[in-house]
Amino acid sequence: MSRMAEQQLYIHGGYTSATSGRTFETINPANGNVLATVQAAGREDVDRAVKSAQQGQKIWAAMTAMERSRILRRAVDILRERNDELAKLETLDTGKAYSETSTVDIVTGADVLEYYAGLIPALEGSQIPLRETSFVYTRREPLGVVAGIGAWNYPIQIALWKSAPALAAGNAMIFKPSEVTPLTALKLAEIYSEAGLPDGVFNVLPGVGAETGQYLTEHPGIAKVSFTGGVASGKKVMANSAASSLKEVTMELGGKSPLIVFDDADLDLAADIAMMANFFSSGQVCTNGTRVFVPAKCKAAFEQKILARVERIRAGDVFDPQTNFGPLVSFPHRDNVLRYIAKGKEEGARVLCGGDVLKGDGFDNGAWVAPTVFTDCRDEMTIVREEIFGPVMSLLTYESEDEVIRRANDTDYGLAAGIVTADLNLAHRVIHQLEAGICWINTWGESPAEMPVGGYKHSGIGRENGVMTLQSYTQVKSIQVEMAKFQSIF
């Protein structure tokens with residue numbers, strides 16, 4: 001693909017040049033080619049995006065629920081019509097296999113938008129009787145202008161997960177995509193405008209997180225920040241949001257999730273789940289179950305089943321429909337993952353497979369890392385304690401139920417957890433003791449629009465998707481009505 005035209009900001013229904021004068025490049029990680037130069041938003045750009053959003057939000061909030069619903073449904077239709085086109089761009093920008101982006105990224109994002117478009121007319125208040133002459137009623141009102149800050153692993157899906165409930169509730173959103181993968185968020189802005197969204201209701205500001213993101217979190221005109229990213233960055237976002245104007249926050253942060261295989265489990269099912277929980281999207285999924293706990297007596301058999309499945313991984317041309325494994329999103333991220341792999345070897349974990357870059361035709365110029373499985377791991381190892389965010393599975397053994405629950409919970413993270421067992425009594429007993437916000441029994445990874453997702457502990461605050469997320473983009477106003485004569489003590 002030839003290099004794209006320089007990408008601008010999207011403010012008030014159209015493209016506009018950044019006032020900062022700064023740019024950055026977005027790279028195709030499959031081959032190292034530059035896809036485009038992208039303009040970076042500065043402080044003045046954030047100011048004008050906020051002013052634009054304030055204007056647009058008033059128009060948007062004044063529309064009826066059905067009018068807003070119809071516009072968002074039109075955007076859903078356009079997304080589905082352009083699924084393949086958007087998926088190709090997402091593959092170029094992220095490196096993910098087209099077999100994945102064409103069936104997951106836009107599809108699941110559009111599903112969430114459709115879900116919230118349908119919920120808009122159901123946003124309602126309540127009536128609370130006090131006595132015969134007085135009652136209270138409540139209204140759910142939009143927050144105003146909110147900010148979304150996205151991560152690089154699911155660019156358009158995250159943009160939709162954040163914008164759908166925000167817009168459905170009558171807010172305007174300023175979205176800052178990751179500087180690593182900024183392209184499809186700009187296309188989403190075009191689609192919203194085409195669907196009839198008033199100018200300013202969805203503005204997109206590409207830029208460097210440490211600058212553009214900080215300007216957004218500190219801006220007094222922003223009422224809420226929804227952030228997806230790492231724990232360290234999330235703490236900064238939260239601190240800036242609180243220090244500036246006590247903004248509300250939603251934080252979807254990292255994870256080091258446990259997948260527990262019990263001794264009654266079908267090991268073929270368990271191995272299939274472990275593979276999806278570690279190597280889907282080349283391991284770049286925040287909910288991945290990278291700590292795989294297996295009964296000691298099942299270890300050897302489980303290792304063989306994992307090795308057999310690793311042989312089925314197909315890395316290569318990301319547009320080949322048979323390819324199911326792509327490069328990592330960037331060269332700096334690849335190098336970071338390789339440092340973790342080296343640390344695992346240094347600390348005594350045994351490499352069952354992988355453990356290096358992929359080499360040969362089609363791999364040498366890209367950010368490729370081989371699917372890697374470590375065994376003989378211990379809880380104190382760096383690869384077991386820290387989020388790697390790459391194709392690295394750690395196998396650990398255990399002897400008892402109480403032991404594995406304790407070890408599974410021995411982490412600062414609490415995003416996801418899963419178990420594989422044929423015993424549903426055991427399944428529910430254990431799941432109820434695991435300290436994680438998203439749990440799966442005999443499956444892994446699905447996060448449908450109806451399901452609230454978010455973490456415990458350092459893995460986040462608040463939830464995305466589900467009814468409660470729509471409500472989190474509103475504020476409740478309580479109004480008391482008195483029909484009798486008011487009595488004053490003065």
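Including glycine, each Cβ sits where the backbone N, Cα and C put it.
Listed in Swiss-Prot:
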BINDING   Thr26, Ile27, Asp93, Val180  K(+) 1 binding site
BINDING   Gly150, Ala151, Trp152, Lys176, Pro177, Ser178, Glu179, Gly230, Val231, Ala232, Ser233, Gly254, Cys286, Glu387  NAD(+) binding site
ACT_SITE  Lys162  active site, charge relay system
BINDING   Leu246, Lys457, Gly460  K(+) 2 binding site
ACT_SITE  Glu252  active site, proton acceptor
ACT_SITE  Cys286  active site, nucleophile
MOD_RES   Cys286  cysteine sulfenic acid (-SOH)
ACT_SITE  Glu464  active site, charge relay system
List, in sequence order, the residues of the same chain other than Thr26, Ile27, Asp93, Val180 whose Cβ lies within 8 Å of the centroid of the Cβ atoms of the recorded K(+) 1 site.
Glu25, Asn28, Pro29, Leu35, Thr94, Trp152, Glu179, Thr181, Pro182, Leu183, Val329, Ser330
Near Leu246 (K(+) 2 binding site), how many other Cβ atoms are within 10 Å of its Cβ?
9
For Gly460 (K(+) 2 binding site), which of the three DSSP-derived states applies: helix, strand, or coil?
strand
Measure the Cβ-based neighbour count of Val180 (K(+) 1 binding site), defined as the other Cβ atoms within 10 Å of its Cβ.
20
Counting distance between Cα atoms, which of the recorded positions Asp93, Val180, Val231, Glu252, Cys286 is nearest Gly460 (K(+) 2 binding site)?
Glu252
Give the sequence-ordered list of residues that share a chain with Asp93 (K(+) 1 binding site), lie 6 or more positions from it, and have CB atoms under 8 Å from its CB.
Thr26, Asn28, Leu35, Pro155, Thr181, Pro182, Leu183, Thr184
Tell me which residues of the chain lie with their Cβ under 8 angstroms from that of Ser233 (NAD(+) binding site), as long as they are six or more apart in sequence?
Gly209, Phe227
Identify, in sequence order, the residues in the chain of Lys457 (K(+) 2 binding site) that are 6 or more apart from it along the sequence and have a CB within less than 8 Å of its CB; answer 'none' if there are none.
Thr411, Asp412, Tyr413, Gly414, Glu435
Select the closest residue to Glu179 (NAD(+) binding site) from the following recorded positions, measuring between CA atoms: Ile27, Lys162, Leu246, Glu252, Glu464.
Ile27
How many Å separate the Cα atoms of Glu464 (active site, charge relay system) and Glu252 (active site, proton acceptor)?
8
Cβ neighbour count (within 10 Å, all chains shown) around Pro177 (NAD(+) binding site):
30
For Val231 (NAD(+) binding site), nearby residues of its own chain (Cβ under 8 Å, 6 or more apart in sequence):
Leu253, Gly254, Asp412, His458, Ser459
The residue listed as 'active site, proton acceptor' to Lys162 (active site, charge relay system): how many Å between their Cα atoms?
11
